[in-house]
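Encoded as structure tokens, the structure appears first; notes follow it.
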């Protein structure tokens, strides 16, 4: 799961701006680190010094930013000196994580406080005996957990989600909480720790509130499991429904990875979207449009962690490598940001390759 946290970097896309503040509309993939008082960006994650730093003291943030037409995943940071900086995430959930943490950092600077993620137990006084990870696994049980549904709201379809009221009622019915206030406290703990994510505008507003219980016990507040296949889509015309077969599967995982080219053997940041049934992984240039550069059919594919890549220059390799070998014997070499991220991608691809068509 890709999230933005203090001193943790992620590949996102930034729009270049000249010293006079004119948008040059030249989008580059960069590595971004959120620190206590600024946003640093690097050409690649192995660089020791950043290409630039955006101070957050006195800054404002706008999301979503509509300045670039079809680029729907853009957010804008305006510094105290009125200089604009534009960033584009690889998917909606990633953008929301970045926006949430950057806004919190700005608020902390305004109040003279140090930016840090909230401690769930301190903020809402969860009992020490509560194990949120175990509770989350129970909630995800296919037979006895919270059911993931396709729900429609405000001309949008939310796939693999559920309402806040459903979560609260499940906690009470399974005797995990004695009453609604206690269930609401547990649900807020799951939300604050990232196990549950807000899906719609109402639930996102609740998560951004300063209230102790930021989880909403309402039928119109939508949420989803952090590692589910959640995605949101607008109503489609008849022509839009006729999608290619390989795009019909549910989204299992998405995010940015480094991919080695087949010809020049150079490494570039690519956005990957993994789908099941049928089992495909499409990859995109995150600096350009929505059309994929290519796809990998994963049915019967083999994926393993590797420590060595043929024809790779030493300075291009920073660990966390893995290889996909398709049923047609095509080899793909990829590099994740962290060892944990590599593990998550391998696990997800292995599951899809076995179960997908």
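Even glycines carry a Cβ here, placed using N, Cα and C.
Copied over from TrEMBL, here are the features:
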- 1-107: domain 'PH' (DOMAIN)
- 142-227: domain 'DEP' (DOMAIN)
- 250-354: domain 'PH' (DOMAIN)
Number of helical, extended and coil residues in the domain 'PH' (250-354), per DSSP: 19 helix, 45 strand, 41 coil
For the domain 'DEP' (142-227), the number of residues DSSP places in helix, strand and coil: 31 helix, 20 strand, 35 coil
Integer average pLDDT (0 to 100) for the domain 'PH' (1-107): 74
